[in-house]
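Peer 1: For reference, the structure I am asking about is given below.
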Amino acid sequence: GGRPARPAMVQQEPAGAPGLVEGEAAAATAAAAAAEVRLSRRRWAVVLLFSSYSLCNAFQWIQYGSVSNVFMRFYGVSAFAIDWLSMCYMLTYIPLLFPVAWLLDKRGLRLIALAGSALNALGAWVKLGSLKPQLFPVTVLGQVICSMAQVFILGMPSRIASVWFGSHEVSTACSIAVFGNQLGIALGFLVPPVLVPNLEDVEKLAYHISIMFFMTAGVATALFILVVIVFKEKPLHPPSRAQALIQSRTTEEYSYVQSILRLLRNANFLLLMITYGLNVGCFYALSTLLNRMVIRHYPGEEVNAGRIGLTIILSGMVGALISGIWLDRTKTYKQTTLVIYIMALVGMIAYTFTLSLGHLWVVFVTAGTLGFFMTGYLPLGFEFAAELTYPESEGTSSGLLNVSAQIFGIAFTISQGQIMDHFGTKAGNLFLCSFLFLGTIMTAFIKADLRRQQANSDNE
């Protein structure tokens, strides 16, 4: 933007970082002041590559759900079994988050990137072994491996943004990193209905499914090779004062368990964790059940169901990017989060009451509005958490937000699926509206305690 360039060396002594003992703080800040702050040219390659393998993993999450009726017939399983192919992503995340966040702190970003992209490719290849109707368990295994890859991916956007990007572009970078995952879900809605038509002939159907699985495996493997070549641990120089402070701390001062306990004692972060879970949990349930909802009101419209999913995500990606750029410009974390939350609730109510009107174009419009705010909320949550919890690791705070989202996601997907089966789609969607309303109220109570901003401005 139109800001003056930062001087490379900062002369004055910066103030101490929160969470350190006085003497150590002084030593750490002196070291941070001596560190040269510079931006690496590689940073865009790193965030785009991360975005790409995140995209591939998200595609694999929703690729069954967007043609759930076709896969139900091919494997001869229930709708609930196909829903579990989506929910296993949420389920694996919960127990694996803490070991992975610990690994991130001990071994760093590169190892996490390698593990995530490798598991993603492995899962894609396993699915190629499930091209006969009796081989449903093999497809489940492939999906579980992909869901393990997701644990190495979901919590990384704010960490990659902090480690690689300057303080004036960090929220934008976080949005780009979240962007890939969203684009993957979008492609997961769009591509499967086109590649896998609803055919009677099982042989022909198997052939179409194999094309989709082969393409995915090829892309996933290429991305893994690129990660091996391109992805570095961190840039030569810290990109911001806040990052220089973190890097200058000695490892003895940092205990992973202590860090989690500090986060769970942080009232503002706890509120954010619950509200984030409610919002994103609703989004997961909506994505998983979308195909079933649309086909119930518009039979035979599989391809349009996919396109409605695509609309939700694409408008959401615009929302996410705008909210990232807006945060970098204004730093109004609390106000932006609250406004977006209220609008997501309004969008959900509109979608609920227009789904059954019989006009597909109306559903496209309301679903698009809903997506703009619901997905636009994702990077906001991560960045607000990074502010509220600095100098704790962003991997840990994002991870806890994601765990909350997965738990609510599973609960909402199962509950809404059951409500839809017994009382219809409107009742199921009203169920989600009530939780978004609760989340809006709770968001109003979060205090904007922006610690990372404080560290950057103290040290300018």
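Numbers here mean position along the shown chain, with the first residue as 1.
Cβ from N, Cα, C; glycine included.
According to TrEMBL, the domain 'Major facilitator superfamily (MFS) profile' annotation covers 46-451. Taken from TrEMBL, the feature transmembrane segment covers 44-64, 84-104, 111-128, 134-155, 176-195, 207-231, 269-287, 307-326, 338-354, 360-378, 399-415, 427-446.
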Peer 1: Given pairs 6 or more apart, does the transmembrane segment (269-287) have at least three Cβ pairs under 8 Å with the transmembrane segment (111-128)?
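Peer 2: Touching, no - the transmembrane segment (269-287) and the transmembrane segment (111-128) miss the threshold of 3 or more Cβ pairs under 8 Å.
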Peer 1: I need to check the long-range neighbours of the transmembrane segment (111-128): which residues 6 or more away from its ends have a CB within less than 8 Å of a CB in the stretch?
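Peer 2: Same-chain residues near the transmembrane segment (111-128) but 6 or more away: 50, 53, 56-57, 60, 100, 103-104, 138-139, 141-153, 156, 210, 213-214, 216-217, 220-221, 223-224, 227-228, 231.
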Peer 1: Below 8 Å between Cβ atoms, which of the listed ranges 84-104, 134-155, 176-195, 399-415 makes the most pairs with the transmembrane segment (360-378)?
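Peer 2: Maximum Cβ contact count belongs to 176-195.
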Peer 1: Other than its close neighbours in sequence, what residues sit by the transmembrane segment (84-104), given a CB gap under 8 Å and a spacing of at least six beyond its ends?
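Peer 2: Hits for the transmembrane segment (84-104): 61-62, 64-65, 71, 111-112, 115, 139-140, 143-144, 146-148, 150-152, 154-156, 159, 256, 260, 284, 287-288, 393, 395-396, 399-400, 402-403, 406-407, 409-410, 413-414.
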Peer 1: Return the average pLDDT for the domain 'Major facilitator superfamily (MFS) profile' (46-451) as a whole number.
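Peer 2: That region's mean pLDDT is 89.
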Peer 1: Considering only Cβ pairs within less than 8 angstroms, which of the stretches 176-195, 207-231, 307-326, 399-415, 427-446 has the most against the transmembrane segment (338-354)?
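Peer 2: It is 427-446, which has the most Cβ pairs under 8 Å.
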Peer 1: List, by number or range, the same-chain residues at least 6 past the transmembrane segment (207-231) whose CB is under 8 A from its CB atoms?
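Peer 2: Residues packing against the transmembrane segment (207-231) from afar: 42, 45-46, 49-50, 52-53, 56, 59-60, 63, 74, 109-110, 113-114, 117-118, 120-121, 123-125, 127-128, 131, 191-192, 195-197, 199.
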Peer 1: Any contact between the transmembrane segment (44-64) and the transmembrane segment (176-195)? By contact I mean 3+ C-beta pairs closer than 8 Å, pairs at least 6 apart along the chain.
Peer 2: yes
Peer 1: Most CB pairs under 8 Å with the transmembrane segment (307-326): which of 176-195, 399-415, 427-446?
Peer 2: 176-195
